[in-house]
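A.B. asks: One structure, pasted below without further comment.
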Amino acid sequence: MASLSSTDYVYFENSSSNPYLIRRIEELNKTANGNVEAKVVCLFRRRDISANLNTLADSNARDFEDESKQPSMSEQQKHQLKHRELFLSRQFESLPATHIRGKCNVTLLNETDVLTGYLEREDCFFYSLVFDPVQKTLLADQGEIRVGSKFQAEIPDKMGEGESDIRAQEKLETKVWDPNNQLKDAQIDQFLVVARAVGTFARALDCSSSIRQPSLHMSAAAASRDITLFHAMDTLQKNGYDLAKAMSTLVPQGGPVLCRDEMEEWSASEAMLFEEALEKYGKDFNDIRQDFLPWKSLASVVQFYYMWKTTDRYIQQKRLKAAEADSKLKQVYIPTYTKPNPNQIMAPGNKPGINGAAGYQKGLSCESCHTPQSQQWYAWGPPNMQCRLCASCWIYWKKYGGLKTPTQLEGAARAGSDVAPRGHMTRQEVQGMSPFTSSAGRAKLLAKNRQTFILQTTKLTRIARRVCKDILQSRRAARRPYASINANAVKAECMIRLPKAAKSGIKYHTVPRPSLIDIVKELAVQAPLKLKAPRGAPTPINRNQGIQPRSASALLGKRPYDNVIGGNSFSTNGRPFTSGMRAANQSVIKRQKVSQGDAPNPVVFVATKETRAMRKHLTQGEMRRAARKPHLPVRAKLPLPPRPLPVPILPSSTSEPIVLED
């Protein structure tokens, strides 16, 4: 039986096969039906966050090890240390107390801590970063304990006897009060009383202050705060402790000087927002300012907090919280959970410690420690893999969320993360990493979602392409990418020929190639787009296309081709749509949808009648050569068009009209 109270870190079980959840108890409440619920703060493991955030956590861990000079650890210790790291959050939830499975210890990672010490202690965890489940971010904890070498003060050497201090005192400190002044204590007290009276009179003259402090008592109380006393003492210091000059400074010709602190500057609604934010975030003034009071400065929020603690409002809230705490449960007792786990592999007829169970293959060992003997086995991982853990590794899995040694199946436990780890980058990431890609090019690639592999060649591979041209045959290999290349033989031959090639030098044959812009311009000149007037209404390609409204194309997100040209209806082969209805025996032609990954670049070549006629007179070899070298002009011998036969004009026998009678 375990005794639990608030601020305890405990294990919660939400699934029989998943690891325990680690939570910090904030409150223990008793429901109407008699059950006990715990309001808890969520802590997350590494397996609960994405791969990108895990990379960020690894970088933070390396920086911590370098700064704190941690002793060297083995790979297994580094693997197990990741299971002891948690990420704090500000997410609250309520869970039934019956799901608690024990207590654990969670501490803030300090620079003086030795990481291997966490592995030596059971149920011990640490955290250094704060995870935001909504924004999916990791931030450093603001409550860091500043202990370590980088937080120590640098004490200068002690000055010798008779040695003068050569440091500039003005740069070290600012003198605001001289206790060895010519005034007596009674005179100073009288001047402070005059300063309070001037402050009360100034608040009576100020319209905004008279609204906030309508009575004389409230104005006098506001004038008696520290801001008035500090102003009076600064006035004495600046005037050389001359009471006559100080009096004239307090009441200049324009009227009395009004000094107001943060309690007077803040409105009642701003004070309510501050109390609400303090209830939610505690003394995290950065979050209070960012989420509730962004128009206030951080110094203003901090000053208001310490002045607010001196008010009656703070005392009343403190009493209410104390009364609520007395009415809540302070301590509960949770019995030990003894029910069997559903993941136990029951093997009737087998003695304890013998390998083998019903439905599982014999000869299987533990996936973590690889032991073949155990008193009890537990099913772990996907059911079709038939993996299992021994009793000790199963307890380690439930408590720490991982296995003692890294395995291939451990990646399956992270299937619930937001971003799965990828073995290669997408086309957008590769193009975005290139320094030669413009911002317009990156914008076009946002629609490309096909993933691409990067094949990066070494210097030896690039040299082998030049030295061993006769063996490698790069053009033939490019045409047959499915055929394998004996890379070892090519490298061996390259190492033999390389000394000779270094003496003679490699001859490069440069081929002048025009740029892509010139090719596009040349093709546009050779095959211009000829627009023809439409003869009639376009024939619907699909049955439902004829009844769709014209605004439906705008809903699809892409403009049709006729809108791009300027209203004329043309198909992709350059022919206008023909009018008329579809024949009865004609099949319905469905429009082929092109995915975003397969979408071509925005360069459209429209074939004309002359281009299609030229294709018919090209052989297959000429077509291939034209496709491989699009920058060269295509020379084709076109046959002469057939001459029209002359139609003989027969003279009429008579010029009179012929009349046919019925």
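For all residues, glycine too, the Cβ spot is worked out from N, Cα and C.
Small disclaimer: the values here were computed from a predicted structure and weren't measured.
TrEMBL lists these features:
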- 2-142: domain 'BAH' (DOMAIN)
- 143-254: domain 'ELM2' (DOMAIN)
- 261-313: domain 'SANT' (DOMAIN)
A.B. asks: If you average pLDDT over the domain 'ELM2' (143-254), what do you get?
C.D. replies: 81
A.B. asks: Go ahead and report the DSSP secondary structure tallies for the domain 'BAH' (2-142): helix first, then strand, then coil.
C.D. replies: 38 helix, 61 strand, 42 coil
A.B. asks: Determine how many residues of the domain 'SANT' (261-313) DSSP places in helix, in strand and in coil.
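C.D. replies: Within the domain 'SANT' (261-313) the tally stands at 38 helix, 0 strand, 15 coil.
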A.B. asks: Go ahead and report the DSSP secondary structure tallies for the domain 'ELM2' (143-254): helix first, then strand, then coil.
C.D. replies: 63 helix, 0 strand, 49 coil
